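Student: Copying in the features that TrEMBL gives for the protein in this structure:
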- A74, F75, G76, E154, D155: S-adenosyl-L-methionine binding site (BINDING)
- 153-164: topological domain 'Cytoplasmic' (TOPO_DOM)
Amino acid sequence: MGIVAGIGVLLPFPFYYLLWTYPQSWVNLCGKGRDPSKVMALVSHFIKLIQFVSLFSGSSFSWPPPLYFWPLFAFGQFLNFRVYQLLGESGTYYGVRFGKNIPWVREFPFGFIKDPQYVGSIMSLVACLSWVPFQYILLWSLGYLFMIHIESAEDVTTRAKPLS
């Protein structure tokens, strides 16, 4: 596995870690009048693009995909879509850490699957195993497992205070 591709696959996780651990720094960096969740979403999408380019650099595509691809990919994307649908951009992009009030959600998949957005993403990655080398899938999945661990323990006192 190429070092550059490996770095590209892991690129978002230090960013997410820093935002989760030091949310006030991000709010201050975004400045007054800018939504830190919106800015995080924009930066995350750019980093995700680099991550996908890194993933595709070592991939070899063939058609049709194996049968396991369809249920894994479809359910994984369903979980991701459902999380975004229920929480919105602020809920998905650390709004709680940036001092926003996000309503508590109990609908499926919450309450049934712990960290459904990460489970869905890992399922979608595993679905692509026939095209993408195992090392990339493993590295990316370990990044998600790292974030599950980091986000499982939130210190409420470290939440950011909105800029007035």
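Placed from the backbone N, Cα and C atoms, the Cβ positions cover glycine too.
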Student: Rank the binding-site residues E154, D155 by the number of other Cβ atoms within 10 Å of each Cβ and report the first-ranked residue.
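Tutor: That would be E154, with the most Cβ atoms nearby.
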Student: For the topological domain 'Cytoplasmic' (153-164), give the DSSP counts of helix residues, strand residues and coil residues.
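Tutor: Secondary-structure breakdown of the topological domain 'Cytoplasmic' (153-164): 3 helix, 0 strand, 9 coil.
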Student: Check the binding-site residues A74, F75, G76 for other C-beta atoms within 10 angstroms of each C-beta and report the one with the most.
Tutor: G76
